[in-house]
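Student: The structure is given below, and queries will be raised subsequently.
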Amino acid sequence: MTMLRKIIGWILLLCIIPLFAFTVIASGKEVKQMKSLDQVLDKNIDLKDISLVQNSYMYDRDGSLVSEIVSDHENRVLVPFNKIPEEVKQIFLTSEDRHFYEHKGFDFMGMVRATASNVKDKKIDQGASTITQQLSRNLYLSHERSFSRKLTELAYSYQLEKKYTKNEILEAYLNTIYFNNGVYGVGSAAQFYFSKPLKSLTVGEMAFICAIPNNPTLYDPLKHFDYTKSRQERLLKGLKDAGVITDKELKKAVKQKIKLDVEKREDKYPDYVSYVNDEFTQLVSESEGFDKRLQKASGKQKEKIENELSARVSTLMKDGVKIYTALDPYMQNQVVAQMNSKLPYADVQGGAAVINHQTHQIIALSGGKNYQKYDFNRAYQAYRQPGSSIKPLLDYGPYIEQTGATTSSTIDASKFCSKDYCPQNYNNRTYGTVTLDTAFKNSYNTPAIRMLDRVGIQKAFSYIEPYHFAKLVDSDYLLPAALGGFTNGMTPLEMTKAYTTFGNSGSYTPSHAITKVTDLKGKTLYKWNDKATQIFSVRTNMQLKKLMSSVVKSGTGKKAYFNAPYIGGKTGTSNDYHDMWFVGLTDTYTMGVWVGKDTPTSVEYLHSISPQLSIWKGTLQAAY
């Protein structure tokens, strides 16, 4: 009975089609007095502009492709109508819709033939769908085979024909049809199956990929190559019969050996790409005012704005954008290699960031040892206690700026207590009066506490406000912060960004991975627009660089030293050896390295080998 109802439905559909067609083309007085079909369809079927999901692209500093980003699992490279080879157009016209340029969205005689066949075979198999109907189905409807869906498809097809030219419909169709394996459109099919652009395919190769959409599962060349080849030959014969190619060209195309070269999609630099995706959201947020709205919002309102931002970013990615970055592939490979080779024990991890402080560009990132795509990225997601690496920013910098001290100025390094807070030097040692140079390169704690206490907590913290440490909270404004005691801490990237101040005469400009974002036609959509902030005077900055130079020459960071125009930095160790840091700079680069365990526990057993220092040295030495 079910099959009988379906067949009767098709017969009824055939009866309705003439009435439908008559209403479309009639101009009689009686019809004009009726409410027009156009008005009914316009009211009930709102055709949105054809907007196809497209791939987005990410490039390194030299313009080489780094990553192709597929949205909604639709791998699509949009090819304009005038760039689609004539052979491809003709293959689909001859095989799918010979009367495409003549009908108004549906082919009545074709449906008669299909219905007769369905009645004869007692099944709904042939639908005689035109290219316009197929496009309607791909864009707006399901692929269910039923009478009601078919009638709806006709209405949508009629609307499409009203709104778009035939060439626009054919272009959209050729960019929406499915080629299996997550591939949509003729452009992506050429790239996926042959690893070359559509225009570079031979006629035989074009016909081969064009064989797939008729039944993507059956004609999947990765699983059923012979089936695909057989259909390719039928399509080529159809081209010859239509006069598109000659008999000689047919024989040559059929004879050509098809060699698939399936595109290998791999992110060579997952650590860096992961961050760029995050920074892209930041860039959109700042450029379109989401950041200011988020600062004022809270609770459900904040969540709503965050969802709006996420939707906006998703839309941009679906529309297709080109993201240009400062990625230096050589330095990226260096930092990844160092991280993978210098961290012993399976549970020991790390994160690192490398910035060219002359250009304010993030050129390399390591998200961790043996980092894989979608892993937790420790370079920018791991908030850890910075230990003594905070001292140049929060203690020594403000103190020298406020007092006019120099590296040879002296300070008390004896015991210090403020109420119940009595910090100790390493190994509980006590010292007398020492120079700032001695205190800094040996990382004495009590002098740093005294500096913060002398300057004043509020005043000292004002020096680090321009860095916008994301998880700095009010409860951090206490003396323990002088030694890196924060509620949440900082990420390796945050610390590295802050240290670029020392490479720029005390001036700070935020560093970024993204240099610009354009649409697929090259129009610039977004660029960072940052302003410099003078954190320390040139004089203070010179003193700080001298102090940091002493660290690598004769202090706690000696293992990081190599021959370069300038090297300086600061080590850092948090309480109970949960975190080990080295953040430093050369004349060109600033780099920060953190080593520890994801679940904070002691790594004191690594103190003697100091992997954070060897990773830092191994990475930057390769640049000189």
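Even glycines carry a Cβ here, placed using N, Cα and C.
Summarising the annotation, Swiss-Prot assigns active site, proton donor to GLU96. Marked as active site, acyl-ester intermediate by Swiss-Prot on the basis of similarity to another entry: SER388. As annotated by Swiss-Prot, signal peptide applies to 1-21.
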Student: Taking the Cβ of SER388 (active site, acyl-ester intermediate) as centre, how many other Cβ atoms lie within 10 Å?
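Tutor: Counting Cβ neighbours of SER388 (active site, acyl-ester intermediate) within 10 Å gives 24.
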Student: Provide, as an integer number of angstrom, the distance between the C-alpha atoms of GLU96 (active site, proton donor) and SER388 (active site, acyl-ester intermediate).
Tutor: 71
Student: When DSSP is mapped onto helix/strand/coil, what comes out for the residue listed as 'active site, acyl-ester intermediate'?
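Tutor: In three-state terms, the residue listed as 'active site, acyl-ester intermediate' counts as helix.
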Student: Which state, by DSSP, holds GLU96 (active site, proton donor): helix, strand or coil?
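Tutor: Note: GLU96 (active site, proton donor) is helical by DSSP.
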